[in-house]
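Only one structure is covered here, and it is reproduced in the block below.
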Amino acid sequence: MANPKEKTPVCLVNELARFHSIQPQYKLLNESGPAHSKMFSVQLSLGEQTWESEGSSIKKAQQAVANKALTESTLPKPVQKPPKSNVNNNPGSITPTVELNGLAMKRGEPAIYRPLDPKPFPNYRANYNFRGMYNQRYHCPMPKIFYVQLTVGNNEFFGEGKTRQAARHNAAMKALQALQNEPIPEKSPQNGESGKEMDDDKDANKSEISLVFEIALKRNMPVSFEVIKESGPPHMKSFVTRVSVGEFSAEGEGNSKKLSKKRAATTVLQELKKLPPLPVVEKPKLFFKKRPKTIVKAGPDYGQGMNPISRLAQIQQARKEKEPDYILLSERGMPRRREFVMQVKVGNEVATGTGPNKKIAKKNAAEAMLLQLGYKASTSLQDPLDKTGENKGWSGPKPGFPEPTNNTPKGILHLSPDVYQEMEASRHRVTSGTTLSYLSPKDMNQPSSSFFSVSPSSTSSATVARELLMNGTSPTAEAIGLKGSSPTSPCSSVQPSKQLEYLARIQGFQAALSALKQFSEQGLESIDGAVNVEKGSLEKQAKHLREKADNNQAKPASISQDCKKSKSAI
């Protein structure tokens, strides 16, 4: 309601009920909705009629149902009394006396009210007490009237009223009507007098000692207080203090040092006030350079390299629009592989973003909104490796990032097509020929004729390599007996210990390499079967083979000769 004195619908319903001598009844029918936004349903019964209405509170529901009852009720309404006329014509709550006081202060003229005695009533009848004539001895009292005289500057006004306050208001009203249209008089006091009055007002609450120090400071004069005399008994001592202010000095006496100091300052202050006033020095006005307003950049190129969320918020602030509104739409995926979908709304524009967590999803949504609004992508300004301070020369896998997985078996090297073609070309350049190779220990159970085998040609080797690269297994290698191993060099590339073990197995005896080596280094012969020889005719041959195994063979030709000798011996 605009006017607080206006009656509410509930009040009007109560008046209507009193006019018809009935009792209104309000009933709370229903209460629904969440705790922060409930809705109340109220029923009003007025006589035989009922009305229902809802509101966000019980009071609002009552007001709504009462307003509905006033509109739809068929009961005759009482006649409204007219409002009382305001006797005071002055608008607002300000009385004429208060308004006159403000005007008098502006004019610099005080408003003085003086009450006046009322005029005596004239007695036109003499009480002669004639017989037979009607003479009223007791007259009715006449109404008393108060008079007030108002003086504002050189103007006088008179007011009258039934009370003294009414008389003051009447006089103030007359003064306002007369002085409102008159110009305000200008005062031009002398600068010296006004300055002295202002100084006196300022110095009213200061002590004499403080005033002495202020005057001495303004005139660059030294000040010193000194107790020159102390006399009297201990319980009634008297102190004399001398104060010196430049060329002026004075003495003061009192029963305490503080009192004597104050009296001395009062005496010297009277002499200091006689000095001529100091010339007024105008202080230069301080000039403050205005800082230029910070320019908020909201162009398409602004903010590249920033966080998209911060960049989008700054753009909205520069536009003086509402900040972006982020909403989590859904959360899907396995417990350890979640995927969040975040939506951002800027005005009428809507964009979404996904990510493994809410932070990345929010960032992607802000990036999508920036692109949708016509801004460039928020590219990073520097390499992430430079930020983390990692070694630039390290080309291995970065910590914290999973390596890409493949389904190929381990041990197979994947080559690019260019490298593979170069390998094939280099293999074809090698002249094809037959070379001798040594069999693996797994094939030692085969006959001695298979000890030296013919190696496959370069064409078959290329076929085996191609099958291993493509499929991981080589049927060709299994067919020719290589079993995935590469072609070997001649007999010279086989370790001497393997050769010794193979020859000992063929000859039918066992050899312990550690014992043989230990005894050979010490220059001793074995006692208890370090080397057990079943056939005495082969002892010299085994000793010869042992020496060949311990020494480094320098030439492949010597090895092939030994191999031939051992074969012929067998």
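Any Cβ shown, glycine's included, is placed from N, Cα and C.
The compositional bias 'Basic and acidic residues' annotation in Swiss-Prot covers 194-203.
Positions annotated as domain 'DRBM 1' by Swiss-Prot: 8-75. Note on the domain 'DRBM 1' (8-75): its mean pLDDT in the predicted model is 90.
The domain 'DRBM 3' annotation in Swiss-Prot covers 207-274.
Helix, strand and coil residue tallies for the domain 'DRBM 4' (307-375), in that order: 28 helix, 27 strand, 14 coil [DSSP]. Positions annotated as domain 'DRBM 4' by Swiss-Prot: 307-375.
Per Swiss-Prot, phosphoserine is recorded for S188 (among others), and the stated evidence type is similarity to another entry.
Swiss-Prot lists S395 (among others) with the feature phosphoserine.
Taken from Swiss-Prot, the feature phosphoserine applies to S416 (among others).
As annotated by Swiss-Prot, phosphoserine applies to S426 (among others), with the evidence given as similarity to another entry.
Under the heading phosphoserine, Swiss-Prot lists S440 (among others), citing similarity to another entry as support.
Summarising the annotation, Swiss-Prot assigns phosphoserine to S455 (among others) and lists similarity to another entry as the type of evidence.
The feature phosphoserine is assigned by Swiss-Prot to S492 (among others), with similarity to another entry given as support.
Annotation source Swiss-Prot lists region 'Disordered' at 71-94 (among others).
Here Swiss-Prot flags 178-203 (among others) as region 'Disordered'.
As annotated by Swiss-Prot, region 'Disordered' applies to 381-413 (among others).
According to Swiss-Prot, the region 'Disordered' annotation covers 545-570 (among others).
Summarising the annotation, Swiss-Prot assigns motif 'Nuclear localization signal 1' to 273-291.
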Helix, strand and coil totals (DSSP H, G, I; E, B; other) for the domain 'DRBM 3' (207-274): 27 helix, 24 strand, 17 coil
For the domain 'DRBM 1' (8-75), residues assigned helix / strand / coil by DSSP: 26 helix, 23 strand, 19 coil
